[in-house]
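**Q** Below you'll find the structure I mean.
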């Protein structure tokens, strides 16, 4: 009787292993049967099914509203008006594409990006990729440290360097409050962040930026004026962050996905819709900040005091942009929202760092210890710069951190584009030719801009600095090899052929399968029935609604 039932189950699943309906599953290599999805869960109404997948995209989108984005948006508007709005449009369209690819990669393979890099690349290559990913998390944490310090300075009038030191304690406090209800805490933080967004939307309706100027800046690419290229790269670095790709591919693994063509397609579609909506909201907020900053700072009747602030606009002094809406309370409301922005972004950085460490090194660390370690490393440069350079120096450090993120991007982006377009990783669920062309075109454009700016900016600095010739020669001997290594590393990742085969039939069960996948061998012919892609219990503690 049991044998007959098993044959019936195999007959029901057999069509899913032929042709274009093959399903990519992450096998339970320990031989334990994964939990099944009940019939009631599979028959839920569409909107209820969608709500069960909501969460990862919105958590990831918090990174697009962090202090680094606010700083680069404010300076782009103050320095260039609406001229760089096209960078935000292209950046968030590209972010939407690659975040969707990251989600699809996790859903269809059952592994996140860091785990796939560990399987695919040689020992020293994956070690370098891990170090670069950790550096990206630290660079993303620097704006959060400085933004929180600015908020504490505005609220309590404490020195910036003291606020930098206090950010470590604020992070521990935030993580300690999670045990009382993380979803309530995240909801409160999100409400505070969107309160700031509402303030900028209100100010936008008050200052009334010219629609023609906004549309022209959004759809006509232009880089003119001093520092436009650097500000554009900083905008891209703040918008498209490499650690977000690792994070999104892992967050989706906290959802239970049926092992069927319909199940995977539904999950990918729901994550696509959620990411699209969350990033559209982030796009509107970023556009409103640039538009308000550009309109106020380019006004003809600008007071001398406001003109001085626009000339060196920082997170600390940006509250004057909201005084038309909030009046005297603008600085308090702005500082509270800035504090919430920095602390909410801490959550995404903590989880991204945890998944990067677990995926590359198979090493797990307590969240509070992991966050404290990352925050401590980020505090050091922030503390030094805030003591020496004050608020303006700290603001410049945010721009530098955003540029570092932009230069780091290829080392997460190229593996993602290759894996999601690869037969060996995704099988018949790989990217369509249209997505491949669009994603690689935008990726090559961004990487090309980074390489161009890196090389020309450094050569221009060598030509115009006041150092003696011997000093320039020594610096050139040190820096140029690193630039060459950077370019060669990008070429290596782009043209290296994938060897690890992680695409498997959903009815495969081979005790030696993991070793075969890592060595690039094919599939097993033994069969086993799965009702569901194995649920990643190691990711089940993600504080998102189930």
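Every residue gets a Cβ built from N, Cα and C, even glycine.
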**Q** Quick check on the annotations: TrEMBL lists transmembrane segment for one of 312-331, 372-391. Which range is it?
**A** 372-391
**Q** Of the ranges 187-207, 502-522, which one does TrEMBL list as transmembrane segment?
**A** 187-207
**Q** Looking at 32-49, 158-175, which one is transmembrane segment according to TrEMBL?
**A** 158-175
**Q** Is the transmembrane segment (473-495) close to the transmembrane segment (268-292), in the sense of at least 3 CB pairs under 8 angstroms with a sequence gap of 6 or more?
**A** no
**Q** Does the chain bring the transmembrane segment (397-419) near the transmembrane segment (50-65), so that three or more CB pairs sit under 8 Å (pairs 6 or more apart in sequence)?
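**A** These two stretches do not touch.
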**Q** Considering only Cβ pairs within less than 8 angstroms, which of the stretches 50-65, 372-391, 431-453, 473-495 has the most against the transmembrane segment (85-107)?
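**A** Ranked by Cβ pairs under 8 Å, first place goes to 431-453.
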**Q** Counting Cβ pairs closer than 8 Å, which of 50-65, 127-152, 431-453 has the most of them with the transmembrane segment (372-391)?
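**A** Answer, by Cβ pair count: 127-152.
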**Q** Let me spell it out: take the transmembrane segment (50-65), skip the flanking residues so only those 6+ beyond its ends count, and list any with a Cβ under 8 Å from a Cβ in it.
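**A** Counting only partners 6 or more residues beyond its ends, the transmembrane segment (50-65) has Cβ contacts under 8 Å with 44, 92, 95, 99, 103, 140, 186, 190, 193, 197, 239, 241, 244, 247-248, 251-252, 254-255, 267, 270-271, 273-275, 277-279, 281-282, 285-286, 341, 344-345, 347-349, 351, 544-546.
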**Q** With CB pairs under 8 Å as the measure, which of the listed stretches 227-247, 332-352, 431-453, 473-495 comes out on top against the transmembrane segment (127-152)?
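**A** Between the stretches 227-247, 332-352, 431-453, 473-495, 332-352 has the largest tally.
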